[in-house]
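According to Swiss-Prot, the features are:
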type	residues	note
BINDING	22, 23, 82, 286, 355, 362, 363	N(1)-(5-phospho-beta-D-ribosyl)glycinamide binding site
BINDING	114, 155, 160, 161, 162, 163, 164, 165, 195, 196, 197, 198, 203	ATP binding site
DOMAIN	119-308	domain 'ATP-grasp'
BINDING	267, 279	Mg(2+) binding site
C-alpha cells in the first residue's frame, strides 16, 4: 500500500529534485498533482523547476558535503536526480543509510558517465554496441582512435547536450577534438570514449518504465540530432516488428540490470531489423517531451508513478505527434516571447521553460503538435517554433 502525505503538513511526502531544468520542472508538476512537497536543487538560482517547487536550494551538486547537508536539512523521502553531474558516491552512501534514490544509486552511478554504462551493456550484458575505447590522456586518445579507425566520434565520458563531442574524419582533427573534449566534460577535464561510427537507418529513444507491476514500453520515439543535441522528436517511429521486439528486449535487459523503479530513456540505433545499444538515462529524456501531447501519461507522469511505487497498468498513445525545440541565440536576462498566438491551436501547444537568462544558444522552450502522420506533426511543430519571436 502506498501512503502519500499532504504538502506542507507534518506527514508530507517530500521529493527532492537534484537538477531543476525543464525536465525536472515537469516532474515537479506531476508531483504537485499528487499533493507532494517538492524541493528543487540546482547550481544556479531561479531554475525552471524552482518556479513550481515549494522550496529551492542553490548548491554545487558535485560537492558531496553540500549535497549531504541539504538532504539532511530537507529530509526528503525520494531523491530524484535530473542530471549526471552529481556526487554519486554520496548518493550511494545515503542509500546505504536508508534514503530512497531514484531509481537507485547504482543506476545513477553507472550512467553518470559513459564508461560505466558501456561496460555494463557490452561487457556484462553482452548487448550489441559500437566499437569503443576509453582514454585519459592525449597519447592514449590517439592510440584509441588508431584502434577504432576513421571515422569515429569522441565524447567526454561525462557530458550532455553534445558538449565536448567531435566527429573525427582525419588525423588533422585529433588535437582540436581532444582539446574540445577536455573543455566539454561536466566535471571538467578527464576521460573520453572513442566510438566507431555505426551505420544506421535512424535512432530511437525507447522510454522504458520499470514499475511495481512490471516493465512497460512507450511507443518508440524518433528524433533528429544536430550538434549533439535534439532538434525534433516524433512518436511513433515506424520500424519493423522484429526490430521493435529486439529494441524492447535490449531495453528490458538494461533497466533490470540497473535496478530500481522509474522511467529510463534507452537510446538505440536501428538498421533494418538490427538494433544496437547506444546510451541510457535513468530519468525522463529530452526527446520524450513529445509525450506531453502524445500519451495519456507523459514520461514525467510515468516516472513519478513508478518511483512512488504506484502501478502503471497501461500506456495509451494517441497517435502521430512531434516536438520541436525553441533554441534562440542571444544574450539576455529578460527574455520575452512574442507572436505566441501563432504557435498554439488545435493539436498545437507550446511550453516555455522559464530559464532566467541566455548567453548564446540555449533551449528555452518546445512546441508540441499532432498530425495525420508524424511527418505532418513535425512540420506543424517546426512551423510553431518559427512563429515564436524571442526577444532580448
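Backbone N, Cα and C define each Cβ position, glycine as well.
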TODO: Going by DSSP, give the three-state secondary structure for residue 363 (N(1)-(5-phospho-beta-D-ribosyl)glycinamide binding site).
DONE: coil
- [ ] Pull out the binding-site residues from the set 22, 23, 267, 286, 355 whose C-alpha sits within 10 Å of the C-alpha of residue 203 (ATP binding site).
- [x] 267
Open item on the list: What are the sequence-distant neighbours of residue 197 (ATP binding site), meaning same chain, six or more residues apart, C-beta distance under 8 angstroms?
Closed with: 130, 151, 152, 153, 167
Open item on the list: Please give me the CB contact count at 10 A for residue 363 (N(1)-(5-phospho-beta-D-ribosyl)glycinamide binding site), counting all chains in the structure.
Closed with: 19
Open item on the list: Can you tell me which of the binding-site residues 23, 114, 286 is spatially closest to residue 279 (Mg(2+) binding site)? Compare CA atoms only.
Closed with: 114
TODO: Could you check which of the binding-site residues (114, 164, 195) sits closest to residue 363 (N(1)-(5-phospho-beta-D-ribosyl)glycinamide binding site), going Cα to Cα?
DONE: 164
Open item on the list: Using other CB atoms within 10 angstroms as the count, which residue among the binding-site residues 22, 82, 195, 203, 279 scores least?
Closed with: 279
Task: Spatially closest candidate among 114, 164, 195, 267, the listed binding-site residues, to residue 23 (N(1)-(5-phospho-beta-D-ribosyl)glycinamide binding site) (Cα to Cα) - done: 267
Task: Sparsest Cβ surroundings (other CB atoms within 10 Å) among the binding-site residues 23, 164, 267, 286 - done: 267
Task: Where residue 23 (N(1)-(5-phospho-beta-D-ribosyl)glycinamide binding site) sits in the secondary structure, as DSSP reduces it to three classes - done: helix
